[in-house]
Amino acid sequence: MSSKPEQKETHQANGAVLPIVPVDCLTSPDRGQLVEPSDFLGPDSDGVEVVVLESRANAKGVREEDALLENGSQSNESDDTSTDRGPEAALPLKETSFSIGLQVLFPFLLAGFGTVAAGMVLDIVQHWDVFKYVTEVFILVPALLGLKGNLEMTLASRLSTAANIGQMDTPKELWKMITGNMALIQVQATVVGFLASIAAVIFGWIPDGHFSIDHAVLLCASSVATAFIASLVLGMIMIGVIIGSRKMGINPDNVATPIAASLGDLITLALLSGISWGLYKELESKAYVNPLVCAFFIALLPIWIIIAKKNAATREVLYSGWEPVIIAMAISSVGGLILDRTVSDPNFAGMAVFTPVINGVGGNLVAVQASRISTYLHMSGMPGESSETAPRKCPSPCSTFFSSDVNSRSARVLFLLVVPGHLVFLYTISSMQGGHTTLTLIFIVFYMTAALLQVLILLYIADWMVHWMWGRDLDPDNFSIPYLTALGDLIGTGLLALSFHILWLIGDRDSDVGD
């Protein structure tokens, strides 16, 4: 054996010198039969075991996979150049609290300023004629802004997971993922937009008992057109962000979902305001425009369905992914009903500008956490498989926020971003004189209490919901984020309205609430 260079490598284990033999060498020339290990032992090698290793190509692949999963943020474990490594399962992300916070901070602030801009827009357009005389448009606001949770954030989570587990490495795989997912979100956007308009009509009719067919068609056309165009633009942005994140060595889970929301609220609300205003102007002179717009976007549905069905991954979501999207839309519409009832009340002045901010920040943070947990679970297997990382019982708050695992660490980091983030956003709103509200200490205390309680509840629900769905053979990337962001809209709007109501009851005139 010592006469052959490739047989000189040895491995020290338990005091015995063991020869290193690549797997390729254990096969006979015709590759049909394995060579017995005894053929490699000399006459004096009785009782000595042979350590069988993978080929260098396979070992290199394992190292490259580990390097991708650890994302360059850890120690040099993945840089080990030795080839004495057998096949291993994908390891969970190894990130410090500092690296998580550093990667999340910039997109979080960017997304927050996007929600601030959306709030300022809503504060302006609430005085437009279409919002005054077709007040059901306010019910559409949370439902359509929630599309970033129903569609774009779900898209970002799916693509982030696919990128982290190596399903977008080749140009062919990348193109299939792009075309299939873009067609899928166009189908979902059109259907959700149509259903959201129906929900707005119903919720608007229940309190007053008033129904107008012209207003119903206006709501349908505005909702469908807004959902379609916004999803098309934001979907393209998401794909670019995820591809760029991989090339820069950044974990897409940390940046994709917040950036999905950074321009999402602003673009969606601007489109909704502009489209509804334009269609309202045409309502009297050209009544046929509204139904024509509805018919056009609905007629495109078969095209997107055919494209989405050609991709195996999106085909499954196309058939089974409707329940969370539709239920989430209904939950967000309830939040929209609260907004519709309060925004016109002088005692709740400021609700319009602060609602997109508190809802957007809560939804962004919980979407990051849900996407991270989902990726963590995908590294251990497939949904439904028993795994130590996927407990089926309801977790305790201590395990969610105070354990040593990476998901608990990220929950603490995301929770700690709430107060400084909101202070920056409140100062920005105040400096732009938005909301007709002066920031006093008591107002800030009540607002921060609502924001912290909202995120605390959402992060705990995310920890339970993602694991619960995983244990029941449901992919959390497709099912969890719509529910979580919709709950964020409902909880955020409800807590904010409650805070404004308490401020009015205690007579905080210094905050100019109701001025």
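Cβ atoms here come from the backbone N, Cα and C positions, even for glycine.
Marked as compositional bias 'Basic and acidic residues' by TrEMBL: 1-11.
Among the features that TrEMBL reports, region 'Disordered' is placed at 1-21 (among others).
Residues or ranges marked as region 'Disordered' by TrEMBL: 63-89 (among others).
TrEMBL lists 104-124 (among others) with the feature transmembrane segment. Tertiary proximity for the transmembrane segment (104-124) is limited to same-chain residues at least six positions away from its ends with a CB under 8 Å from its CB atoms, namely 141, 145, 254-255, 258-259, 261-266, 268-270, 273, 352-357, 359-361, 364-365, 368, 413-414, 417, 421, 424-425, 428-429, 432, 434-435.
The domain 'SLC41A/MgtE integral membrane' annotation in TrEMBL covers 141-275 (among others).
For 182-204 (among others), the entry in TrEMBL reads transmembrane segment.
Per TrEMBL, transmembrane segment is recorded for 216-243 (among others).
According to TrEMBL, the transmembrane segment annotation covers 255-275 (among others).
Look at TrEMBL and you will find 287-307 (among others) tagged as transmembrane segment. Residues 179-180, 183-184, 186-187, 190-191, 193-194, 214, 217-218, 220-221, 224-225, 228, 279, 318 of the same chain, all 6+ positions outside the transmembrane segment (287-307), place their C-beta atoms under 8 angstroms from a C-beta of that stretch.
The annotation transmembrane segment is assigned in TrEMBL to 319-339 (among others).
Annotated domain 'SLC41A/MgtE integral membrane' per TrEMBL: 355-498 (among others), in sequence order.
According to TrEMBL, the feature transmembrane segment maps to 411-429 (among others).
What TrEMBL lists as transmembrane segment is 441-461 (among others).
Through the fold, the transmembrane segment (481-506) approaches residues 142, 145-146, 148-150, 153-154, 157, 257, 324-325, 327-329, 331-332, 334-335, 338-339, 342, 347-348, 350-351, 354-355, 358-359, 362-363, 366-367, 370-371, 442-443, 446-447, 449-451, 453-454, 457-458, 461-462, 465, 513-514 of its own chain, all at least 6 residues removed from its boundaries and within a Cβ separation under 8 Å. Residues or ranges marked as transmembrane segment in TrEMBL: 481-506 (among others).
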Long-range Cβ contacts under 8 Å made by the transmembrane segment (411-429), restricted to residues 6 or more beyond its ends, are 97, 100-101, 104-105, 108-109, 112-113, 115-116, 119-120, 353-354, 357-358, 361, 365, 368-369, 400-402, 435, 439, 444, 447-448, 451-452, 455-456, 459, 463
